[in-house]
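Q: Not my notes, these are from TrEMBL:
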- 328-502: domain 'Nephrocystin 3-like N-terminal' (DOMAIN)
- 895-936: repeat 'WD' (REPEAT)
- 938-979: repeat 'WD' (REPEAT)
- 981-1011: repeat 'WD' (REPEAT)
Amino acid sequence: MSNSRFPLLICAIAIDVNPKSKGLHPKSTVKLTTGDTSEHKFFYRKKFGALRWDLKSPREILPGTPFEIEWRTAGSSKPFIVITLHYDDLIERMEIGTSNVAEHKYECDYEHARVTVIFRSMTPDIRPDGMKKICDVASRRKSILDRLGKSKVILETVNDYGGALGSLNPALGSVIGCVQGVYGILKKQDEENGDVLDLVSDMSDIIGYIFDVNQFATIAQLKTVIEEMKGPMQEASQLVMERDQRSHFKDAVSFLTSNDRHKIDNLKARFRRFKERFDRGVSVQSAENMDIIRTQVEKFASAQEEYIYLQELNPGYTKSDPPRCLAGTREDILSTIREWTNDPNSPNILWIAAYPGAGKSTIAFTIAAELERSHRMGAIFAFDRKAGTSPSVLWRYIAFALTREYPNCRDHIVATLKGNPSILTNMTATEIFHKFVADPLQQWNTSSAIIPRNRLPVLIIEALDECGGLGGSSSRDRKDILSHIAEWTNLSPHLKLIITSRAEDDIENAFLRIPHKALSIGTADAVSPQSTRDIQQYIEHRFKEIATDRPYLPPCWPGKTVVDDLTSRASGVFIWAATALSYIEGFPCDKRLNDVQGGTLPSGDVHALYRRLLAKSFSKWSDTELAHFVKLVGAIVVTQISLTPAEFGCLLGMEEATVGNICNRLRPVLAVGNTLRFAHPSFVDFLLGHTTHSTDDSVNDEWSCPEAFRIDPAVAHRHLTESMFPLMNERLCFNICNIESSFVRNAALPQSQVEKAIDRPLSYACRFWGFHVEQTRHDANLASSHVSTFLQEKLLFWLEAVGVLGAVNVAAAALARLIEHTAVEADISILKDALKFVQYFAPAIAESAPHIYVSCLPFAPRSSGTANCYALKFRNTISLQRGRLQDWPAEQTVIRGHDSSVFCVAFSPDGKRVISGSEDRTIRIWDAETGRTMTGPFNGHRDRVCSVACSPDGKRVVSGSSDKTIRIWDAETGRTVVGPLNGHEGSTTSVAFSPDGKRVVSGSFDKTIRI
């Protein structure tokens, strides 16, 4: 087989359900995932048989790309079928076709169904491995004389001496004449078969040439030669196949017609000319491209090394089940965006702002998909309120995407990583943005590299308003990302950035200060006629799907009048329409239509719709049942990763039936998928009591979330925390992962071994309980009995778990937070010592969990309450006879991060932050407890920073430098707010704020003081 590789296109997926499978729910979902992209199709099966999903846009599968197919029926906790296939699996099943749009099938048989993948390729008509069938056809008709064995000798003898024998015995003359005639026919057949085999041999050679060189052909001569050969190749293959079909088992021989003979001679002559022209073209191209080829070979030699460095950069971000615009909708908005992406004279930032649920996300992902199909970089990153979508992850994802698309950027980024392999360890989001996104793009823009306009990048940041989680505009992450967006305007106008968000105050104010193109999506009174038509089309489409899946409904159900009414009520808000239809779909009937249409429900007010749906779904629930609702829904809102219903039940200690009952009633507002997520953040806003911004900025309390359903985040965090301690107390144990030796490092443990011992609920509890403790109210103490048990019996087992989970970095902060929420003095004493235990031994625990018992316990100071408590349980460890410390060392934390000597440090007024200035010309702000970077580096000084101080309110930092200047910085964003202040004639060696923070004093080598 040739090494040539070509793309395949998945066109359809069929699920043929086994009639013997009983109890399968008629409603099911088929999901296709390729790389980072997923899409799914819902089915309502009326009877056993095939479910066929014809993809609207065939999905491209490239060499080395796996893809996954999942079939799940409604109500099942696990999918019935999950198939992971690779490019090579499909290649092995490909049939030889005579058309470049021929379809091929890959079939897999399972207990409940047969799965068939229908695919095709746009390859040349005959592949190198495809020549086998043609060769078999030609060889099947090889020498008949050879197959006659001894009879061949007789025939040859008769042919040679037949004339003499016939003259001796005239009676034999007629017989011998017949035998000689047969021999002549067979010999002619052999010669013709030889001609055909020669033709096939020529075809095999040419196929190899085309596939080996076609992808590298650049000069017109070579391209033309290759294109011209596709016709003769088809003619030759057709001739061989037709000749085989003309004969049947009754025929002794099969002759070439005169027309066949002419075709063979003509084709062989054309193949000879092709080889001559091809050889000349290869020679010309080889001469022209020798230097380029040599450079590429050298780069290929280092590709493996680059891959290792780039994997460190890759944050592993994925977005499952991204939404898409329904075909034919949003054309006016999409057209505007397309024009802007190709207009170098427009600002390089496009801000799409709209009311919650107006369809911003769907538009963003549709544009990203269009860019991908056109082979133009359209990397999209969607913020959400869960963990894992910080600005740091955003810029690492964007940087990694740039390396895959643009060699110039890849070279720059790889060089940066090679220069300092551990550079990513302590980098802030701002540093990542500068070093791995802004700097490579600026250098690329000033280089001589020319990228066609239709290959220039378009980056998309979706749901900016969700950056910072529930903290929103007050979060550090939100401030960081807005400052990065402001800096993007300094890049080339060719480098486009699309941002979607709600029009929240801090975001709106940030955009007022920078050049950008604004695109708003109108709702309510401002809704456009096009948006109204789009929503009507969407509603009609959803009702058609509902009616199709339910044979008892008429095809036109519920009729044009209802469609028009719901379109009017949606007022341009897609999420209103989607939620209403999801509620109706749960039990399609007039009653549910009346629930949505009846009464005085305000048009387009999604919060009012949410309130009505909750009232209808939970109207007869008791106070105890509603308490379960608040506990589960609160956990869904505040957890940092998405979990399945069963995992939430385990984490909260809640019965599976209770979780399932709540989820069934919440189905209209839940996202599709295995995990519990709300379909839209507006429902979370509703639960939290946040108001939406309507056109008149008024809020009607009549339609706000009822108190019985309202979620208080602090209470939700507390409920979750108090559930996690019992879970850890029950499940954590010594050597939980069954590690055989203390010589085994944590990094060497198979992931499957860790996941088998520590499932997702327990893993979540171990990693995140400290975060949830911090989010509870400071005046709220946790249940003391569970905390005491954890500290006295499970503390080291927890450190063992976070060690193998690679989460030791959360341990110190978690213990420090728990001190503030514990009232039992004995527990506080253990916590304070445990904090020092973790700070001192964290490197060892991170390397090898068994060394908690082998090394940390024996080497802890004699006064350590943690060591003394647990040493009695592990008596067979080593014991230090001499040299053991009496108390913990005074040194608490060592902070690293500057690239050169540190010349000055200062505490913030609250003692929680440390400000440092360095010879590397930067200023940084650190967490005094953990040593992690909080803000910085602050860049601006042209020489070493000699002195720093923090303002009394902690919001400003002043710095003095050997560059003879003073600067005042915003401690949150790192921006210069005043300065540089000039005047000193020597290095500024000392700076300070006045007690009211309104003035700054400085001292200098020039022997002066300035205020």
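Using the three backbone atoms N, Cα and C, a Cβ is placed for every residue, glycine included.
Heads up, TrEMBL stuff is auto-annotated, nobody curated it.
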Q: Determine the mean pLDDT over the repeat 'WD' (981-1011), rounding to the nearest whole number.
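A: PLDDT averaged over the stretch: 87.
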Q: May I ask for the residues of the chain that lie six or more residues beyond the repeat 'WD' (981-1011) and have a Cβ under 8 Å from a Cβ within it?
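A: Beyond its ends, the repeat 'WD' (981-1011) has Cβ neighbours at 943, 946-953, 956, 958-962, 964-968.
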Q: For the repeat 'WD' (981-1011), DSSP counts of helix, strand and coil?
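A: The counts are 0 helix, 14 strand, 17 coil.
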Q: Reported in the order helix, strand, coil, what are the DSSP residue counts of the repeat 'WD' (895-936)?
A: 0 helix, 21 strand, 21 coil
